[in-house]
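Before any comments, here is the structure.
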Amino acid sequence: SDELGLHFSMHRFLESKTRTHPSPHCCRHISSTTAGLPSFEHVVCLRCCGRRDPRPRTVWLGHPEKRDQRYPRNVINNQKYNFFTFLPGVLFNQFKYFFNLYFLLLACSQFVVEMRLGALYTYWVPLGFVLAVTVIREATEEIRCYMRDKEVNSQIYSKLTARGRLGGSSVPANQRVPADMIFLRTSEKNGSCFLRTDQLDGETDWKLRLPVTCTQRLPTASVKTLLKCGCLTVCQNISEDSDPPVNESLSIENTLWASTVIASGTVVGVVLYTGRELRSVMNTSNPRSKIGLFDLEVNCLTKILFGALVVVSLVMVALQHFAGRWYLQIIRFLLLFSNIIPISLRVNLDMGKIVYSWVIRRDSKIPGTVVRSSTIPEQLGRISYLLTDKTGIYVENTVLIHRTLTQNEMVFKRLHLGTVAYGLDSMDEVIKLHYLTLHSQNSFPHHWSNATKVRKTMSSRVHEAVKAIALCHNVTPVYESNGVTDQAEAERHYEDSCRVYQASSPDEVALVQWTESVGLTLVGRDQSSVQLRTPGGHILNFTILQIFPFTYESKRMGIIVRDESTGEITFYMKGADVVMAGIVQYNDWLEEECGNMAREGLRVLVVAKKSLTEEQYQDFEARYVQAKLSVHDRSLKVATVIESLEMEMELLCLTGVEDQLQTDVRPTLETLRNAGIKVWMLTGDKLETATCTAKNAHLVTRTQDIHIFRLVTNRGEAHLELNAFRRKHDCALVISGDSLEMCLKYYECEFMELACQCPAVVCCRCAPTQKAQIVRLLQERTGKLTCAVGDGGNDVSMIQEADCGVGVEGKEGKQASLAADFSITQFKHLGRLLMVHGRNSYKRSAALSQFVIHRSLCISTMQAVFSSVFYFASVPLYQGFLIIGYSTIYTMFPVFSLVLDKDVKSEVAMLYPELYKDLLKGRPLSYKTFLIWVLISIYQGSIIMYGALLLFESEFVHIVAISFTSLILTELLMVALTIQTWHWLMIVAELLSLSCYIASLVFLHEFIGKVKCLFSNVYFIATLSFLWKVTVITLVSCLPLYVLKYLRRRFSPPSYSKLTS
C-alpha cells in the first residue's frame, strides 16, 4: 500500500498559540512503521490541493522546511463569492434573467441617435437602481457569511512546533479538534478517550478512540517530552545500536476528525488533513446560488411578454405596409412598447424578498430563526418533499442543544420479566425488590425470613436483571473536577456530583443511569475491571475476562466477568430480539412482548446470562485465543468460538428505552402530512433505530404497514425485492444505504417511482453523498420542490443540494446551519416557517408580480391605442418624467404594500394546513391567472385611452391630462381591489401616492412648463369638466371588476374565505 513518511526530530518544540488551526498535511490510507520509539513513518497517496494525479506525500513533524508541497489553509468557507468574483458573479446571476438582459440591451440602444426616444435617464436610472439593490443585498449576505466563518476560523489552539504551520497539536477536554489528526497520546489513565461528533453527524453519543500504542506507552506523560525524544535520522538510515523496527497498523480508532469534541482529558495528535482536504469538507459540495422556481416562472412570463412585444411591433409596421426604413421603425416600436416588460418587476420582487426575510427574523413565535439566503423565501411555500435527518438534543446542565427530530437522549421506559412488567410509574417496586435481595442476609434478615417464596423469586429475578444491565455494556464513568484540584479526590471517593458516563451509544447510558436510579451504581471501570456500588455503599468488584463489542452484523454484545467476592464466572449478553430469540432458552412470551414494546416506539433489548465453570471458561479462552491467531478466515473462526457459548442462555429480561423527541415533533409532522408534504427520513443510524424513531415520531401512522427492504447485494436480489415491494399498497418503506445503492445502480427509475408513491420513506445507514443523491433524484424524477433539514456536518451536502435547505442550529453543531438557506433552533419551528411564512411569501410575490405586469401592460395598451389612432406613428404618449413617475412615486408604494397582504391569519394557516396544499399546484401564479391579468390590463388601458380621446376638448394636452390622471386613479383603486386584509401601512401608501400626484399637479407645472405634458395646463386640470371626465373613465374601467369580484366571492368563494368569516 501507499505510505506517508512521518518523522520526529530532536528539536525542542515550543508550545505556541495560533488563531488559525494548525495546517500541516493530508493523507488517505495510512500505515505506520516505528523505528526506535517514537519515530514514525506513515505513507499516503492523495489527490492533494486540487491536483488531478495522486502523488505520495511525506509529513515531517518538526521540520516544516523539508516539506515539498503546498497545503490548503485550515479554514471553512461558506461564501459564494470572493473579493474578485463578487461583482462579476452578481452581474452574471442578474443578467442571466431574460428581462434584465433585455433592459440592458434596451438601455444601450439609446446611445444610437436613430433609436433614441427620450432622455437616457429614462432607461439607465431604473436599470441602475435595480442592480444597486441587488448588489447591496448580496454584499450584505456575503459580509454576514464572512463574519460567521471568521468567528469559527478564529478559534485558538495549541500548536506544538517551533516554526511553520506543520506538526502536532494539543487539544484539551471540551474543545474541538482543529483538523483531521492521528491520535498519539491521551492523559486519561485508561488509555483511551471519547469524542462528541455532534457537528459532524448531529449525534451527541460519544465515539471511542484509541491512541497509537507505542506513543501511549512512553514512560512520561509530558507532551513536550513526547515531542522532544525523536530520532535523529529517518527510518531508512537506522543505526546498528537503534531498537529494532516495530510495525503497528493504524485504523479508524486511531483518528481524530476535525470539529469533533474531546470529551475528557488532553490529547496529542499529528495533523494530517486541513482545509478543503478535511474529511467533513470532502463530503460536502461547494456553495451555490440557488434560483427559486418562482423566479424561473416569472422569467418565463417575461419571455411571453417579449413575444407579445415583438408581435405588436411587427403588426404596427405591417399596418404601415413596411414603408420606408421599416426595420428602424420596428426597433423604435420595440423601444416604444418596452414597458410591456416592466423593469420595476425585478426590484419589486427583490425588495419583497428582503421584507419577507425581515418578517421571518422578527417572528417571536420562532425565535432565533435566521435567513441566510434571502433570494428564495417563496420556495418555502411550495415544498412537496421534506427530507430530514434523525438526531436529537444533548442536554447538559439545563442547556438544550437542539437537533432535528429527536433529542438523542434515551429514557428508560420499561423492564419486562415475562410475567410482570415495570414502567416508570412502578419503578418504586423494582427498587424495593432489588433492595430486599441486596440486604437479605445482612441488614434485614427478618424481612427475608418472613418473605413469601413468590416474593423471594421475584426479588432475585429483579436483582439478576439489574446486575446484568449494570455489567453488560461499554460505559465508562468519568469524574470531572468541579474545582481546580479536586478531580483525583472525587475519583477516589466516587463522588456522584462529579461523575458523568461516557459511551458510544446513548442507549447504554440510559440503561446505566437507570440501574443507578434503582440502587446499583457504576462507579468505576477500566479495561480489566468494573466496580459497582450498592445502596449501602458496599463496592462490588468484577474482573472483565472477555468483552465482545456490538457490531452491525451480530446485533448483540457480550461480556464475561468474574465476581471477585465469590469467584463466579458469568457470561452476560444483550441484543436485538431477532438474534437473541435463537440464543435464549425456549419461552412463550419473548416474541409477543417484543412486538408490543416495538409498536410503542421503544428500542427493545433482550438480556440473558449463562454461568460458566472455571474449566468451561479455560477451554473457551484457549479456543478463542487460537482463533484470533489464525491467518485465514480469522473473523469466521472467532465468531464460531463465541457462538459456542451462545446456546441455551437464561433469559433475564427485556428493556425498553425511548429516544426522546423534540418538543411538538409529532404535531409538526402531522401538520406537514396534512399540508400534502411527504416526509423522508435519511439517517446514518442502524435499521432498528431508524424504524423505532419513525414509529415514535409518528412518521409512520398506526394504520400503515412498514415494508423493510431486505439487504440486497446483486442485481437479481434487487429485482426480486422490488417486485415484492411493488405488491404493497399504502406502505412505508425502510431501506438501508447498501440496498439503496444497489437499487439505484440497476433500477433507478423503477425504485424512485415506487418510493415516491410511499407515504413515508426511511433510509438508514445513509452516507452524506447518498443523501444528496436522493435529493437530486427526487428533483429530477418528480420536478417537485424539496426541502432538506439537518443539523450535522454530514447533512451539508443534502442541504446544499435541496431547493431549500434548513439547518437546525444548536450550541455545539453549527456546520449545517451555516451552510443552510434558513436556520432554526427547533424542528417544530419548521411548521410555522412553511405554513405561515412560506405560504405568505409565495402568495404575496405572486400578487405583486402580476400587479406590476398589469401596471405596465395598462400603459402599453394605451400607447398602442394612441399609435393606432394617430396613423401608427412611433411617437411616445407620455414624456420620460411621467413614465418614471408612473412606476415610482405615483404607484410604487401602494403596489409594493401588497407584500403586507394576507388572506388568512397565521393561527388559521397553522390550524388548517390543507390551505398549504392548494399552493403546490402553483395556482397563485399560473398561465390562467396571467391571462386574466392581461385581459384586465387590455380592457382598462383601452377604456382609459378611448375615453380620453372621446372626451377631450380642443388640445392634445387634454388627452394626456385626462388619460394619465385616470390611469393613476385606476391603479390605486385596483390595489384596493386586490388587497384582502388591510394594513395601516397600505392606507398610508395609498394616501401618500395620491398626495404626491396632487402636489405634482399644483407645484410642478412651472418647473416643467416647457415640457409638453399634463402639468403645463394647470387651469384645465382645475375645471369641473376635467374632474367629471376623469371620474367617468375611472368608474368605467374599475366598477365592472369590483362587481365581478363580488359575484365571484358570492357564488364561487375561495377555500380560505369560509375560514375568515
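Glycine residues also receive a Cβ, built from the backbone N, Cα and C atoms like all the rest.
What TrEMBL records for this protein:
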DOMAIN    64-123  domain 'P-type ATPase N-terminal'
TRANSMEM  120-137  transmembrane segment
TRANSMEM  296-320  transmembrane segment
TRANSMEM  326-345  transmembrane segment
BINDING   ASP389, THR391, ASP791, ASP795  Mg(2+) binding site
BINDING   ASP389, LYS390, THR391, GLU508, PHE550, LYS574, ARG603, THR683, GLY684, ASP685, ARG765, LYS771, ASN794, ASP795  ATP binding site
TRANSMEM  852-872  transmembrane segment
TRANSMEM  878-900  transmembrane segment
TRANSMEM  930-950  transmembrane segment
TRANSMEM  956-977  transmembrane segment
TRANSMEM  984-1005  transmembrane segment
TRANSMEM  1017-1044  transmembrane segment
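The largest share of C-beta pairs under 8 angstroms with the transmembrane segment (852-872) comes from 296-320, of the ranges 120-137, 296-320, 956-977, 1017-1044.
Residue counts of the domain 'P-type ATPase N-terminal' (64-123) by helix, strand and coil are 31 helix, 0 strand, 29 coil (DSSP-based).
For the binding-site residues given as ASP389, ASP791, ASP795, the lowest number of other CB atoms within 10 Å of the residue's CB is seen at ASP389. Within its own chain, the transmembrane segment (878-900) has Cβ neighbours under 8 Å at 118-119, 121-122, 125-126, 339, 342-344, 348, 351-352, 355-356, 844-845, 847-848, 851-852, 855-856, 859, 960, 964, 967-968, 971-972, 975, 978-979, 983, 985-986, 989-990, 992-993, 996-997, 1000, 1008, 1011-1014, counting only residues six or more beyond its boundaries.
Remark: PHE550 (ATP binding site) has ASN474, SER505, ARG556, MET557, GLY575 as non-local neighbours, by Cβ distance under 8 Å and separation of at least 6 in sequence. Spatially, the transmembrane segment (930-950) is adjacent to the transmembrane segment (956-977); three or more Cβ-Cβ distances between them are under 8 Å for residues at least 6 apart in sequence.
Most Cβ neighbours within 10 Å among the binding-site residues ARG603, ARG765, ASN794: this distinction goes to ASN794. Beyond the ends of the transmembrane segment (1017-1044), by six or more residues, the same chain brings 936, 939-940, 943-944, 947-948, 951, 953, 955, 957-958, 961-963, 965-966, 969-970, 973-974, 977, 1001-1002, 1005 to within a C-beta distance below 8 angstroms of the stretch.
Confidence over the domain 'P-type ATPase N-terminal' (64-123), given as mean pLDDT on the 0 to 100 scale, stands at 77. Cβ neighbour count for GLY684 (ATP binding site): 25 (other Cβ atoms within 10 Å of its Cβ, all protein chains included). Of ARG603, GLY684, ARG765, all annotated as binding-site residues, the residue with the shortest Cα distance to ASP795 (Mg(2+) binding site) is GLY684. In terms of C-alpha distance, the listed binding-site residues ARG603, GLY684, ARG765 place GLY684 closest to ASP791 (Mg(2+) binding site). Candidates ARG603, GLY684, ARG765 (binding-site residues) were compared with ASP389 (Mg(2+) binding site); those inside 10 Å Cα-Cα are GLY684.
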